[in-house]
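**Student:** Following this message is one structure expressed as structure tokens.
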Amino acid sequence: MDHLKHLQQLQNIERIVLSGIVLANHKIEEVHSVLEPSDFYYPPNGLFFEIALKLHEEDCPIDENFIRQKMPKDKQIKEEDLVAIFAASPIDNIEAYVEEIKNASIKRKLFGLANTIREQALESAQKSSDILGAVEREVYALLNGSTIEGFRNIKEVLESAMDLITENQRKGSLEVTGIPTGFVQLDNYTSGFNKGSLVIIGARPSMGKTSLMMNMVLSALNDDRGVAVFSLEMSAEQLALRALSDLTSINMHDLESGRLDDDQWENLAKCFDHLSQKKLFFYDKSYVRIEQIRLQLRKLKSQHKELGIAFIDYLQLMSGSKATKERHEQIAEISRELKTLARELEIPIIALVQLNRSLENRDDKRPILSDIKDSGGIEQDADIVLFLYRGYIYQMRAEDNKIDKLKKEGKIEEAQELYLKVNEERRIHKQNGSIEEAEIIVAKNRNGATGTVYTRFNAPFTRYEDMPIDSHLEEGQETKVDYDIVTT
């Protein structure tokens, strides 16, 4: 009985909204920004709204005479329904009534979707992943159509912009506007990672992309912020070990082997307790489609409103929605979807990418934008593109290549002498925990300058560190070989 009463009330609400349109024709635009004819529960009311929309398109008055003339012959509205609409008492403020109609429409669609899910779930021929993908798209469509919001006028936008300026002034000129990257000089370029941004971090293998990402993850955890990490290459446990190595300054080799003294165990326990309290979430499936990323992030955001940033390692390991597409089309789709998702959830998304092997053939092996694999879409969608470059990696490879060349030329003694010299240097530098220089190249910055940030890389702890301004090596000077630990 209560349900029947609710439906009768809804029918009356629909009539009041339609009567309001007849009284003030201009209101149809406001109503149509939220409602479609299919949103009306009572079919004659939906047909009335459809006719009113056609009259508005033709610049005709929306009144009783024109409504009756415009009614299609095969879809007649009963006289009592027309009389009920024209006799309804209109109100000036119909926004609340429009919202009520929309809410009821969404609930009906959800009920229908639930039945569809049940039917599809009982069909053994369909894959569960396909059903989930279809459901996610339907729910997202409902979410997108459930709000009364549309265009925003300039006054509202300017007020919002002024609020941002005032807030930044309150924080102070040295504060970043987004989430700190963990590197002061990089923040000076980017103002941190800002809401809605897609940030790309690219490098060749062995440059330490994952290490840099984990440094940024630990920095982002401050201020009780939630952080999501999609690791498609390494397990969550491996990333957790890197985080512990960074925080405890216990090198990875000792940490993995468990050869720790009492002080190190105590330090490890403290860091374990500290990190356990953080809102850090890992998703480490090795195969993932863009739909799964979207679904998991939306779910996490709904459960943890404090989610502030997401990291993906790395983009080319993801698949597009359709495997039949060319790979560059899939990558373009993925980058576009990530950018859209960043804006929707109002968080920055940081995606790591692998760079083309062709850059290895250049004398200057510092990456440029065209080095991104299948790069067209990525370069276009990204707000910021960062490249990682460590000169010592290439110096080591050059030395190894020189040793191989000497062997091939039959200069065995010379090759052996160089081999012993190089290995001794690497052993000493590894033992002493020497630090090498690394460059973070800001290759694209939609809202700021481009340039190079010089950092230190501490390989035993897989940690990047800020470097004082102007303390980097002179241009053209070779980076000193430090150790033979190579990270991914």
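Even glycines carry a Cβ here, placed using N, Cα and C.
This is the feature table in Swiss-Prot:
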type	residues	note
BINDING	A203, R204, P205, S206, M207, G208, K209, T210	ATP binding site
DOMAIN	172-471	domain 'SF4 helicase'
REGION	1-145	region 'N-terminal domain'
REGION	1-93	region 'Head domain'
REGION	94-144	region 'Hairpin domain'
REGION	145-175	region 'Linker'
REGION	176-488	region 'ATPase domain'
REGION	390-433	region 'HPI'
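Tell me what's around each of these sites.
**Tutor:** Across the range of the region 'Head domain' (1-93), the DSSP-based residue counts are 62 helix, 0 strand, 31 coil.
The average pLDDT computed over the region 'Linker' (145-175) stands at 66.
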**Student:** Here are the binding-site residues: S206, T210. Which has the lowest count of other Cβ atoms within 10 Å?
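**Tutor:** Taking S206, T210 as the binding-site residues, the minimal 10 Å Cβ count falls on S206.
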**Student:** Under a three-state reading of DSSP, tell me whether A203 (ATP binding site) is helix, strand or coil.
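**Tutor:** Reduced to three states, the DSSP call for A203 (ATP binding site) is strand.
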**Student:** By DSSP, what is the split of the region 'HPI' (390-433) into helix, strand and coil residues?
**Tutor:** 38 helix, 0 strand, 6 coil
**Student:** Among R204, K209, all listed as binding-site residues, which has the most CB atoms within 10 Å of its CB?
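**Tutor:** Compared across R204, K209, the most Cβ atoms within 10 Å surround K209.
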